[in-house]
Amino acid sequence: MAFQKVNSRKLKKAENLQETAIKLHKKGEWDRALGFYENGLEMFQKFGDKQGISSSYGNLGLLYQDKGEWDKALEFYEKSLEIDQELGDKQGISKSYNNLGSLYQNRGEWNKALEFYEKSLEIDQELGDKQGISSSYGNLGSLYQNKGEWNKALEFYEKSLEIDQDLGDNKQGISKTYNNLGSLYQNKGEWDRALQFYEKSLEIKEDLGDKQGISKSYNNLGSLYQNKGEWNKALEFYEKSLEIFKKFGDKQGISSSYGNLGSLYFNKGEWDKALEFYEKSLEIDQEIEDKQGISSSYGNLALLYQDKGEWDKALEFYEKSLEIKEDLGDKQGVSMSYNNLGSLYFNKGEWDKALEFYEKSLEIAQELGDKKGVSINFSNLGELNLKSGNWESSKEYLENSLKIAEKLAPISTVSVLENLGELSRLEDRYSEAVDTLEKSMNIVKKVGAKPQGISILEKFGDVYLSKYVNEEKADIRDLNSAESNYRDAFELAKSLGIPLQEATATRGLGIVISRKGNINESENCFRKSIEILRKLGASFELQKTTLEYARALYENDNLFEAETRVKSVAFDSQNSKNYELLRKAYLLLGDIATKLDYKYEYYLKSLETAKFNPKIYVRNCYHLIFRMQKMDQEGLIRFITLLKGQNDEKYFDLFLEALNNKIEGKEYKISELPSSLAQELEKFEAISISNN
């Protein structure tokens, strides 16, 4: 009898060790938690308490899953399951299935996750374990939410909520489901409903005195207000959340808060602050060996450096993030990394590499059944083809993206509609472009996504500016509309504290004001834009603004300053391998050189650079054809001789073919060009002259 009491006391000590470990685990003190879990396990093993051993294995699995050591987690979950099956402990088996489902969900192996969740649910239903059934419904809802099957997710969340409300005593479960519903509605862009559920979840946590739960709710509310562009409110909730996490010493929570604060400052364009918080988050993730957290921090740093135009650094962090995700077996994470790498190479003008990564990302997203991921990749491929001049393929991708996005949520369609509007602009379908952008803007206004409204306003400005420049009868009202939209974009960006978009909108204003002949005000706009972009370190946007400034100087005969500025763009864009910007720089340098000394080498350089994409090459040809019509006989002969000498047969033929294509809405045949141009082209016998 005394021996049994001793054993009972020792088993109680083992249970206490497990409880202490769980508390430390929740606080993010993972090394200490591991020690207590292992000590408790050792005691359970010593006394042959199989149920205690199984429970310990399950807890160790949860710890290693949180740390991102998923192979170790799998090993412990399987050990726990094996004991539960040996004991015939159906409730334990169900719990192990749930843990395995969660692990495979994190890894992006959603079919396996579904299999385990359904097995768990089947046992819970057989046992009549309503709380277990509710938990399984919640997990299934989370899985379908990840897959973008939001109607199914909603169905399972509502089933889970109904059971918890019937039970009455599972307030923690009700709070969790409210939180899940808030997350779902946030993804769908139904932000008022999301707010309602987040606040309900928070209210229960406050009643329960669940401080750590309250902190997580604050984080969610911060994220919601950040999406809406209400950044002061977002900051308030993130700081409240951080304060609680610090009080409890919850390192994982602190890291998460730092990451969120970094994201907030990143969106605001305050990149130094963003960098500070991202690095703090990374430091903690590395300290607690949270592999998933480290990967996420690397991804955030990569996005920051990408927007700053520091593309080599961005590439380094994307590749580090990808390497961890591949080691973890995180398929969805790998797909996202490929998508980010595609975006980086797209910005760099390395479109073959961008295409390669977008297609790899798409393949995984399709394999997983990740509808949102598929839609995003279709949209990116559409944008890539749009910039490449392959407009038919672009339209196909964008329309396929839109079909999926429309089934997800209106907010998911915004960027696709923006790109479709841009496509219509490039094809001179200005009314259609305006209609499409208005659809996008209406969604943004409805959900209150103020930051997304800025880029749409800028695109409206682009449409009206293009209309004014390209249509045969220029209408000053279009130029005024362009100015109005750029000004609205500027005011919104300034009020939200987004310096990057403040600078790009100011650039748009500079172009319009230059067209109106107000040189001094135009120069002020370009200088302000350049000042902001230089401070941010946003090299790509800085080059674009400098080029537009140089163009305005050229049009007002300030040739030497224009030449100096555009040469700096050519140098920078060559170093960053941004061939499209380099092509435009050479074209403008050609215009300047022609005015100064009738040299045409820069025109030829623009063509040579344009070879990175045949579609862009043809568009460059169009620009030069118009310039050729203005050359005198001697200059024309010299230019065509240089052109023939520098370009191989394939590209020279492509240039000649461009003469018979549609140029700015007009059909040109060689015979219809000025006689001097037609005669000189005929001499090369590269194309027959139509006598129509």
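A Cβ is built for glycine as well, from the same backbone N, Cα and C atoms used for every other residue.
Averaged over the repeat 'TPR' (54-87), the predicted model reaches a pLDDT of 93. Per TrEMBL, the feature repeat 'TPR' maps to 54-87 (among others).
Counting same-chain residues at least six beyond the ends of the repeat 'TPR' (94-127), those with a Cβ under 8 angstroms from any Cβ of the stretch are 54, 58, 61-62, 65, 70, 73-74, 77-78, 80-81, 84, 133, 135-137, 139-140, 142-143, 146-147, 292, 328-335, 364, 368-369. Residues or ranges marked as repeat 'TPR' in TrEMBL: 94-127 (among others).
Long-range contacts of the repeat 'TPR' (134-167) within its own chain (CB-CB distance under 8 A, at least 6 residues past either end) are made by residues 94, 98, 101-102, 105, 110, 113-114, 117-118, 120-121, 124, 173-174, 176-178, 180-181, 183-184, 187-188, 332, 368-375, 404, 408-409. Residues or ranges marked as repeat 'TPR' in TrEMBL: 134-167 (among others).
Residues 134, 138, 141-142, 145, 150, 153-154, 157, 160-161, 164, 214, 216-218, 220-221, 223-224, 227-228, 408-412, 443, 447-449 of the same chain lie 6+ residues outside the repeat 'TPR' (175-208) yet bring a C-beta within less than 8 angstroms of a C-beta in it. Taken from TrEMBL, the feature repeat 'TPR' applies to 175-208 (among others).
Under the heading repeat 'TPR', TrEMBL lists 215-248 (among others).
With a threshold of 8 Å between CB atoms, the same-chain residues lying at least 6 positions outside the repeat 'TPR' (255-288) that come near it are 28, 30-31, 67, 219, 222-223, 226, 231, 234-235, 238-239, 241-242, 245, 294, 296-298, 300-301, 303-304, 307-308, 451, 496-502, 536-537. Look at TrEMBL and you will find 255-288 (among others) tagged as repeat 'TPR'.
Long-range contacts of the repeat 'TPR' (295-328) within the same chain: residues 68, 70, 107, 255, 259, 262-263, 266, 271, 274-275, 278-279, 281-282, 285, 334, 336-338, 340-341, 343-344, 347-348, 500, 536-542, 576, each at least 6 residues beyond the stretch ends and with a Cβ under 8 Å from a Cβ of the stretch. Under the heading repeat 'TPR', TrEMBL lists 295-328 (among others).
Taken through DSSP, the repeat 'TPR' (335-368) splits into 32 helix, 0 strand, 2 coil. Feature annotation from TrEMBL assigns repeat 'TPR' to 335-368 (among others).
Each residue in the repeat 'TPR' (175-208) gets a DSSP state, and the totals come to 31 helix, 0 strand, 3 coil.
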